[in-house]
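Student: Below is one structure. I have some questions about it.
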Amino acid sequence: MIIVTGGAGFIGSNIVKALNDKGITDILVVDNLKDGTKFVNLVDLNIADYMDKEDFLIQIMSGEELGDIEAIFHEGACSSTTEWDGKYMMDNNYQYSKELLHYCLEREIPFLYASSAATYGGRTSDFIESREYEKPLNVYGYSKFLFDEYVRQILPEANSQIVGFRYFNVYGPREGHKGSMASVAFHLNTQLNNGESPKLFEGSENFKRDFVYVGDVAAVNLWFLESGKSGIFNLGTGRAESFQAVADATLAYHKKGSIEYIPFPDKLKGRYQAFTQADLTNLRNAGYDKPFKTVAEGVTEYMAWLNRDS
């Protein structure tokens, strides 16, 4: 059995899909379906069982055996960069991850988990998986950074696989439940389909991010499970592309619309990553050599998926 925490969420459900595509269906999805809309991410997928996150955590903390576990993909977390409840964030992202890590270490179960490029904070260069480059801007980034630091202490002595992925700007299918935290491509598509002008912040040609397609993210996760490699790795494309490029690809697909530029909100000033670009040196050195989709390629594929029923 493979366990995917956050399996009804964005990246988790895409990992479930990638496993299904390999013929794997003996999957336990762990999630919190308080937001019932997330079920749509699983409705076309095949899993063996579902468990609520709180029930799962109780079983993990009591040391209860959950059966023959081949691996755990830990994607479950509060991923809102605008959530400032530090206690909630540390319980949800840090303590929960530690409990799960130790459960896996005691049983030598491969543990593959979601970290984040938010660990780098407001850098504009050198996105390198090393302490001197890490300075998160928000409590979400801090919770991810602190767990990475915890893992670094354990890695040298670990007898089983531990691998963390610093996800950069992931976009693609199954993110609709994320609301305001969904990707720019998702929001632009929604605005166009609603007959509205698609909106970008002023200066969006200068805001550049490493936009990585979720299908590529899932592929890297599965490759690492097969390779058995451990460590903390950036997971982006290694290319920074502008929000304008995302908009251009969206408009090109729809063959209509023009961008309306809106003022940059004061509340995001100083707390906004204006530039991200993954350094893929460690990922490539680990042996992952497949190419990553460009924004033009990924957004086009995503638009076809979003508009498949129209």
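Including glycine, each Cβ sits where the backbone N, Cα and C put it.
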Student: Determine which of Tyr103, Tyr113, Tyr272 appears in Swiss-Prot for the same substrate site as Asn169, Ser180, His187, Phe201, Glu202, Gly203, Ser204, Arg209.
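Tutor: Within the candidate list, Swiss-Prot flags Tyr272.
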Student: Near Phe10 (NADP(+) binding site), which residues of its chain come within a Cβ-Cβ distance under 8 Å, counting only those 6 or more away in sequence?
Tutor: Asn41, Val170, Arg174, Glu175, His177, Lys178, Val214
Student: Are there any residues at least 6 positions away along the chain from Asn169 (substrate binding site) with a Cβ closer than 8 Å to its Cβ? List them or say none.
Tutor: Ala117, Ser183, Arg209, Asp210, Phe211, Val212, Gly236, Thr276
Student: Among the binding-site residues Glu75, Ser79, Glu202, point out the residue whose Cβ has the most other Cβ atoms within 10 Å, with all shown protein chains included in the count.
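Tutor: For the binding-site residues Glu75, Ser79, Glu202, the Cβ with the most other Cβ atoms within 10 Å is Glu75.
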Student: Quick one, of the binding-site residues Lys38, His187, which Cβ has the fewest other Cβ within 10 Å?
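Tutor: Comparing Cβ neighbours within 10 Å for the binding-site residues Lys38, His187, His187 has the fewest.
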Student: Rounded to a whole number, how many Å is the Cα of Ser204 (substrate binding site) away from the Cα of Lys38 (NADP(+) binding site)?
Tutor: 30
